[in-house]
Amino acid sequence: LRNLHGGTVVASYPFDDSASHVMQGYYSRSVDDNLFKHLALTYAKNHPVMRTGEPKCPDTPDETFEDGIVNGAKWYDVPGGMQDYNYLNGNCLEITMELSCCKFPPASELKKEWDYNRESLIAYLEQVHIGVRGYVKEATNGTALPDVRIMVAGINHNLTTAQFGDYYRLLLPGTYNVSAIATGYMSMTVVGVQVVEGKATELNFTLAPLGNEPTGGITVPFTPTTTEARPPAQPEHQPIQPQDFRHHHYNDMELFLRRYSNGFRSIAHLYSIGKSAEDRELYVMVISDNPTVHEPGEPEFKYIANMHGNEVVGRELLLNLIEYLCHNYGSDPEVTQLVNTTRIHIMPSMNPDGYEIAREGDVRGYTGRNNSNNFDLNRNFPDQFTTITEPRQPETIAVMNWLKSNPFVLSANLHGGSLVVNYPYDDDKQGRTEYSKCPDDKVFKQVARAYSQENALMHKGHPCEDLYQSEFFEDGITNGANWYNVPGGMQDWNYLNTNCFEVTIELGCVKYPKAQHLPLYWDQNHRALLQYIHQIHRGVKGMVIDIKDGTGIPNATITVEEIDHQITTHLAGDYWRLLVPGTYHLTASAQGYNSVKIYATVPEEGVELVDFRLTRMRSDPNGQAPMDPRATQDPAEEVFQSFIKDLSLGQGLEQLVQSTVTESSFRYRRYKELSEFLRGLTFNFPKITSLHSLGQSVEYRTIWALEISNKPDEPETAEPKIRLVGGIHGNAPVGTELLLEFAAFLCINYGKNPTITRLINETRIVILPSINPDGRELAREKQCTSTVGMTNTHGKDLDTDFFGNASQRVVEAQPETRAVMDLILERGFTLSVALDGGSLLATYPYDKPVQPVENEETLKYLANVYARNHPKMHLGDTGCSMGNIPDGVLRAAERQSHMGSMKDFSVDFGHCPEITVYTGCCLFPPAVQLATLWAENRKALLSMLVEVHKGVRGVVKDKSGKPIVGAMIVLNGGVRVFTAEGGYFHALLAPGNHNIEAVADGYQQQRQEVVVSSYEAASSIIIEFDMDNRIFGLPREFVVATAAASMTALVVTACIIWCVCSAKSNQQKDGFHRLRQHRDDYEDEIRLTSMGSKKSLLSNEFQDESESDEDALYTNADKL
Ligand SMILES: [Zn+2]
């Protein structure tokens, strides 16, 4: 607001003063006066008070403005205003809006002010698109010309073009003559330019240089200069060469990348894969015709530079490459074809922190080589021969995750300090300097030569004669280990852990050359950089698809006979196999499919297309009905299949996480708060939750179980049931908080997020957040290693208290253990996950030593799924002095072997696979870390809700269609599950082929083969028993009657034992345990005598009986 003047409501426009500085009433007109009036009117006429021109302000009640606008100087002469400065010294037109009579009105009026001004602000904003706009380019090489004057005849006010040669000249509708003028160029005028209302007219200029002055001439002397003059591929066409030859520090580089991603949106997309140790973004520019997505069939290429911070040539070359690709796309055939057929990822700096301390002119120094934690990133990757003990760095972790989530095919990693292309392997077992051949040696030599051949100096093979006189590399390439050993390098990790082939390129003997030499590096390498990208289009590529429905098969393997290196297909079934010319035997295999073998000939030039069509396996040795998992599907099931498939592949879960809300102030909750939190959930979400007490701790705290399901109080036996358990050790309460958060997360998103809603509708989720509440009360925050609170009040580590077999039990089970054991023994659970702390990994049974678990493959697979969906766990760096654990997954006994663990009990007696997840090294980390821990585990926890739907499921019936309850399903001759109400069963299995047998008393055993996939939901199978009319040579009815009689007898006996025991003991519970023990003994016996079908049926009846009694003691436990 102006000096000496109260507030008012008006739009005023330039000029604000005049040469004479007459105080009032002198109209000071700019050459764009009509335009300014139009702009001021646009604002005023959309403002209900301003447009009246009569603000009626208390200070000046009589002041009026025609149409609500006024020329600044006419109203009041103000020298030194911002508005006029904008117009006279910049390209910008500015007007001044006075918005209210009162300068600082009460807050209550702000809403009214917003309503008055909203339309005006938007209408005014739209005016930026009127007039003429366009670009000014150089005629010979097409580069943008900044600072070119744009003149409109008759209006003596010039604009200049901005950085990209772009300009915006606001004009009122009409016909104009517009000129572009720049020193050193022929000026250009376009006459009769039509400007219409509402939309800017596009007008581009191309200015030819005056005379024949060469542009971008390089006159820098450089020894040795050996760039050969090469005839251009197409003499009539000259690609546009890059111009930006200088060293780009982080901020400069960031600006450069943003400029290109904004300026070339259709082909350039900038993203970050994470942050450096000092929080700098690890940027990647992706250049392709559809840069933001992987197009099935189009291979992904990458260049990574500046991994060693002081080796900077690659960094600048890659920025130049971005310039080159962007400017030549659409005009240069080679660039256009490369960009259209390849997705090219360019990471100019993997070590931006190191770069910032490196120094220009460094020839072979080390300052800035390492990251800011002083680790060499190219010694920081897991190695096949050596254990890397140095902690994995954030840059390394980011790159590893990046490589795992994109189907890269070919890559190069740009270094400096020598001049050679180096290919795998980089080391060998003995650490000797000798050739360490990888299975794809021929391919690597071919791609390495493709680069070195285009760099004449490199190709000669004498890299740095001044520094290392005797060094010679034939053709300018070398096997890594044959040069010198590099354990922990990125290149080998690519080859051994992904589908990507990577080489390491040394670009020159000087690590950090002077900026003036950069153009020469471009000259020497730019053909090689392009030629290397072309190598991605050699060998064999194609699709692996299901012959029946034509859908792609993800994660299928492509094997080449005699090359011991498999390639896997991406999500759509697409694959690429780099190969040198020749004829090969290729085999495509996928779980549940018959393999297909094909001969293929790789041509001298280009790529051979080979598609594989695979048939589902339908083998069945017993000649029974073949089990095509898709045969029995109804449409609803098919929809669910694709729902699970979407969540299992690619970014499905990631997208789910992104699309869900999570709102919590993370903190630790002790027992009282925890109970309130759980009650709060059931109060707020009564339709999908139900809270039960499983029993009480030694100090009478309740062991809570929260069920989340669409019908929480109904036993929906057709749905899989998952158990999530936290806080078995009270001193490791992270799991408790994660489970509370997870429960809230599920509830809050129910009905809002369709995926979460569906998962809850189809799954029964039982959460036991804290099973050792007494220990938890004693534990203290920030105690990372303390054992205070680990045990229950009796000093018992609950994870050593789960014994199913009475003979192994020395003393009575702790009440906490008892409560959880009873829940486990109810069976019916498909999967269980326990959360604990003290390392960063997932373990699977057994905890007890010696014995391998029967379904080890399945349990290990489940642990792997969790670890894989955790951003750090799967990298295997436990970070808590446990060294590297491959994939972050370990058999529990190898971590710390002990008897009586919960998961062993769950597997042996609950017939439910259970894994234990250790969420971090610190047992009780500070509360501020909870948000991070939640972010790390959210996706993995969700993955378990998806995983529980896989495996095999079905219904067991007799011939008449009557479901058979308590039938035993034997998996691969070992692990058993039992059918529930309705004859339902569900068992998780590792992907692959499995044999299942169904056994029920009085029926003939049934055997079937099933195929389990890693990304498909279990499809429902129906096992139908033939009625066996005569059992043991007796009529069926008779046997059933006898069995019923024996059962009655047993029940009576049990009651008698129970009564006697009750009488003997003061505690009702004791007598109870005897019964339990009986049953436990029974279980063991069953395990020993395989296929004890009759007994199992009996034991089931027996169990039912005992549990009905138990209800009196443990309220509601049966509802779970
Ligand atoms: Zn290096």
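Cβ atoms are placed via backbone N, Cα and C, with glycine included.
Any TrEMBL annotation is an automated prediction that lacks curation.
Taken from TrEMBL, the feature active site, proton donor/acceptor applies to GLU98, GLU506. The compositional bias 'Acidic residues' annotation in TrEMBL covers 1102-1112. Residues or ranges marked as domain 'Peptidase M14' by TrEMBL: 1-128, 246-536, 667-948. What TrEMBL lists as region 'Disordered' is 1097-1120. The transmembrane segment annotation in TrEMBL covers 1038-1061.
Fewest Cβ neighbours within 10 Å among the active-site residues GLU98, GLU506: this applies to GLU98.
In the three-state DSSP scheme, GLU98 (active site, proton donor/acceptor) is classed as strand.
Model confidence over the domain 'Peptidase M14' (1-128) stands at 87, taken as the mean pLDDT rounded to a whole number. Taken residue by residue, the domain 'Peptidase M14' (1-128) breaks down under DSSP into 53 helix, 10 strand, 65 coil.
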